[in-house]
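According to TrEMBL, the protein has these features:
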- 6-241: domain 'Nucleoside phosphorylase' (DOMAIN)
- SER12, ARG54, HIS55, SER87, ALA88, THR187: phosphate binding site (BINDING)
- SER167: site 'Important for substrate specificity' (SITE)
- MET186, ASP210, TYR211, ASP212: substrate binding site (BINDING)
- VAL223: site 'Important for substrate specificity' (SITE)
Amino acid sequence: MTETMIAVIGGSGIYEIDGLEDATWRTVETPWGAPSDQILTGALGGVKMAFLPRHGRGHVHSPTTVPYRANIDALKRLGVTDVISVSACGSFREEYAPGDFVVVDQFIDRTFAREKSFFGTGCVAHVSVAHPTCPRLGAACFEAAREAGITVHRGGTYLAMEGPQFSSVAESKMYREGWGCDVIGMTNMPEAKLAREAELCYASVAMVTDYDSWHPDHGTVDVTEIIRVLTGNADKARAMVRLLPGLLGADRAPCPHGCDRALDFAIMTAPDKRDPALLAKLDAVAGRVLGNAGH
Ligand SMILES: CSC[C@H]1O[C@H](OP(=O)(O)O)[C@H](O)[C@@H]1O
Ligand SMILES: Nc1ncnc2[nH]cnc12
């Protein structure tokens, strides 16, 4: 058993969480640059917690410029085991209405202007993201949302777009009718891929704010309306988070789905061909398999 540490990455409209014991905003430095903001650490019901506002307090970073690698590295460096993303999204399903939560389990990654891996020349690795979210963590999020009285749907495909502009009507219809996507947002990729590379369990709770631009009765996306719905969603998200420690517990068995061992057979580069400078940067993310864990 290892000690659980739950991180919440708060998306648009969620810049803090309340109720943490010993709450402290901490500056964490990483070899990948500065994270989006300081990280709030503390405990909830005896379970260690961390909170990171994805866009920074005051919403400084755009979906493209969020420092995804620094964020995931910083959480790993702090000892986080489980990452829960709480994000705003548009809905492609009539029955996934604004105010509902969706525990996403698949992604289609249409982002193109972001660094997507910790690995590269000098240390090449290929992890599986066939199942990009952790079923154990997703089930806990679903249960917590249900217990908090939230209308929550289990499973769904999240289309990750580059943004920052919203989709055209033609794109929205293609994602919905042609590709079978359920929700759309701008941030869960490459975040989920990087969490897998860092051997962290990752679950995504997408909070519906709008019907994107496909719906004949709802017009197109409008930020004013999104922010109005987001304010209510943020309170629900905080209620869900308060229930997670009780469901996950202070000690955790190895992930039954292998998230925490994702790098076991992933590194391709021969030991004598590895770049020492890159290996040093990988101390937190891949220290378990490279034998240079620095955290
Ligand atoms: C405020 S609407 C668009 C914005 O909201 C979502 O952010 P996040 O995923 O961090 O909650 C969406 O992905 C866009 O970045
Ligand atoms: N319709 C939408 N498209 C992309 N990101 C979003 N975030 C909230 N609503 C969205």
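Counting begins at 1 with the first residue displayed.
Cβ atoms here come from the backbone N, Cα and C positions, even for glycine.
All features noted in TrEMBL, drawn onto the structure.
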| residue | record | contacts (Cβ under 8 Å, 6+ apart) |
| --- | --- | --- |
| SER12 | phosphate binding site | ARG54, HIS55, HIS59, SER87, ALA88, ILE226, LEU230 |
| SER167 | site 'Important for substrate specificity' | GLY90, MET161, TYR175, ILE184, ASP212, SER213, VAL221 |
| MET186 | substrate binding site | PRO63, THR111, ALA160, MET161, GLU162, GLY163, PRO164 |
| THR187 | phosphate binding site | GLY11, ARG54, PRO63, VAL66, SER85, SER87, ALA160 |
| ASP210 | substrate binding site | GLY90, SER91, PRO98, HIS218, VAL221, ASP222, GLU225, ILE226, VAL229 |
| TYR211 | substrate binding site | GLY90, SER91, PHE92, PRO98, HIS218 |
| VAL223 | site 'Important for substrate specificity' | none |
Quiz item: Can you check what DSSP calls SER87 (phosphate binding site), collapsed to helix, strand or coil?
Solution: strand
Exercise. Across all the protein chains here, work out how many other Cβ atoms are within 10 Å of the Cβ of ASP212 (substrate binding site).
Key: 27
Exercise. Starting from each candidate's C-beta and looking 10 angstroms out, tell me which of the binding-site residues HIS55, SER87, ALA88 has the most other C-beta atoms.
Key: SER87
Self-check item: Neighbour count (Cβ, 10 Å) for ARG54 (phosphate binding site)
Solution: 26
Practice problem: Tell me which binding-site residues (ARG54, SER87, THR187, TYR211) have a Cβ under 6 A from ligand 1; sequence order is fine. | Solution: ARG54, SER87, THR187
Exercise. Select, from HIS55, THR187, ASP210, each of the binding-site residues with a Cβ positioned under 6 A from at least one atom of ligand 2; if none does, say none.
Key: ASP210
